[in-house]
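The structure appears below as structure tokens.
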Amino acid sequence: MIRCENLHVTFNHGLPTEKLALRGVDLTIPSGEFVTVIGSNGAGKSTLLNTIAGDIESTRGKIWFSDRDVTSIPATGRTKDIARVFQDPLAGTCGNLTVEENMSLAYGRGKRGTLSFALNDNLRAIFKEQLSRLNLGLEDRLGAEMGLLSGGQRQSVSLLMSALQPSSILLLDEHTAALDPKTAALIMDISSQIIKEKQLTVMMVTHSMRQALDHGSRTIMLHEGKIIFDLAGDKRAGYEVKDLLQLFAQARNDGEELDDDKLLLGE
Amino acid sequence: MSLFAFLGTLEIGFIYGLVAMGVYLTFRILDFPDLTVDGSFTLGAALTATLIVLGFNPYLATLLGTLAAASAGIVTAWLNLRFNILHLLASILTMTALYTINLRIMGKPNVALIMEPTMLTPFEALGIPSMYMKVIFVALCAVIGGLLVAWFLNTQYGLAMRAVGSNKRMAQANGIVVNEKVYVGLALSNGLVGLAGALFAQTNGFADSTMGIGTIVVGLAAVIIGESLFSTRSILVIVMSCIIGSVLYRIAVSMALNADFLGFQASDLNFLTAVLVTLALVFPKLRREWKAKKAKGERL
């Protein structure tokens, strides 16, 4: 379970460039729920995710994982509970390490590295088996340098890596946005499989309203650092992209049109 | 080149193989260009020599010299991580401070070890001529050091350190404490360099306040030469190629200095080093350009 209470994040506090990225987010995500997060550029989606992951320190407010207050725990200390996949396929893996070395790092996520060998035949067998799920032929390229793989392949491996170590929370930050449609669909497929299999609590940021409605069981929209609507259950089931747009206009309440091309086109 | 000169060349090559491994750890593994080594090489030598003259066991003295050099690396890491001083500048600050510290440790610009016991003293009973003995001893030190470094980099901890140098964000997302790895990496690197300094002082019979000048360039030269000889992903081969690169570099320099028709003097060493390193850096790029040009020509 993730619980955020009155979360505020301010960048460049006290400077002319001050930005209120989050302005009082209250959010409770029960265990096993898959929440999709939408919002225009600068709405605070990534900030929210990064604050939960611990990359960004909140200016005010608290964060709990289950009943553990993690507000003051840095990112590295939260990795026992959190697995992440980033938007940039290059961000989630080390380009000059091999596929198996990258997987070994993820296999040790949240544990202290010891002085035993990072790789052995036992681990290689596990990695091989996992990689074969992707049907990309990567199971035969364990020793290949990560940098030689395509963006889609790297993102696929990142995704597998996030599931190598048991965690309760998976944070996906537009993890299909940088991929071609076919690869994006494949990645989304594997994501759904892993989430189901491991019964993870998931937050997925996406630019595509279609994707937000098609996946998960709840959708929240952020605008200017606040949650402006929170859809779940039967109500959400009947929703289409145009309904979301309408809801957005209503929530704004001042008739301002949604002018973000990406949101409108992002079906 | 005489046999005696050749053995001397090999000896220095192996000693600087340790330096090259240290430079490899910072420049290549951690992506942290660290010039502290110019100071920590001397620190290792100065402290070890001074302690030996004071009557310490040479092995204990070497250990203390190595640890002192390692702590110099920690200071550089601290300046960079705690106060956000640019890594290059942080290491120059430590190096500059070390110049004074080394003079203070020795109490004079140089300490002679001619008649003192060294790490080699226990092996004199074997009856091998000293000029061979020295080479064998430093070669063993370099190879054992290399095996240990390669082993370390292949452990979970070492792999985490490589991840920190490759992609900090990924490392962090996988629970790796980045700063800790930088501290440990710089300590190891400077420790290796300090050990090289201590060995140099004992095999050459002196420690001198200026002996560390150019250490970083020589280490980097060895790393680059090693890399251009072997293109491999095996950490063990890469680390060992640091030693081979260092020895080859020394042989190249000594041949250049010995070739009478070139007219070089011993004092031209630094210039030759700079030229050799520049060539080693430029050559791979030029080769790529030539290849591209050639490929283009064939298409036309």
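Positions of Cβ are set from backbone N, Cα and C atoms, glycine also.
With a threshold of 8 Å between CB atoms, the same-chain residues lying at least 6 positions outside the transmembrane segment (B:6-27) that come near it are 33-34, 37, 41, 131-132, 134-135, 138-139, 141-142, 145-146, 149, 185-186, 188-193, 195-196, 199-200, 203, 215-216, 218-220, 222-223, 226, 238-239, 242-251, 254. Taken from TrEMBL, the feature transmembrane segment covers B:6-27 (among others).
For B:39-56 (among others), the entry in TrEMBL reads transmembrane segment.
Taken from TrEMBL, the feature transmembrane segment covers B:88-107 (among others). Listed by sequence, the residues of this chain that lie at least six past the ends of the transmembrane segment (B:88-107) yet keep a Cβ under 8 A from its Cβ atoms are 33-40, 42-43, 46-47, 49-50, 72, 75-77, 79-80, 207, 209, 212.
Note on the transmembrane segment (B:131-153): residues 4, 7-8, 10-11, 14-15, 17-18, 21, 25, 29, 119-120, 123-124, 159, 161-162, 188, 192, 195, 199, 203, 235-236, 239-240, 242-243 of its chain, located 6 or more positions outside it, place their CB under 8 angstroms from a CB of the stretch. The transmembrane segment annotation in TrEMBL covers B:131-153 (among others).
Per TrEMBL, the feature transmembrane segment maps to B:182-201 (among others).
Remote same-chain partners of the transmembrane segment (B:213-230), defined as residues 6 or more beyond its termini with a Cβ less than 8 Å from a stretch Cβ, comprise 16-17, 19-20, 22-24, 27-28, 34-35, 37-38, 41, 193, 237-238, 241-246, 248-249, 270, 273-274, 276-277, 280-281, 283-284. For B:213-230 (among others), the entry in TrEMBL reads transmembrane segment.
The transmembrane segment annotation in TrEMBL covers B:235-257 (among others).
Among the features that TrEMBL reports, transmembrane segment is placed at B:269-286 (among others). Nonlocal intrachain contacts for the transmembrane segment (B:269-286), taken as residues 6+ away from its ends with a CB within less than 8 angstroms of a stretch CB, comprise 213-214, 217-218, 220-221, 224-225, 228, 249, 252-253, 256-257.
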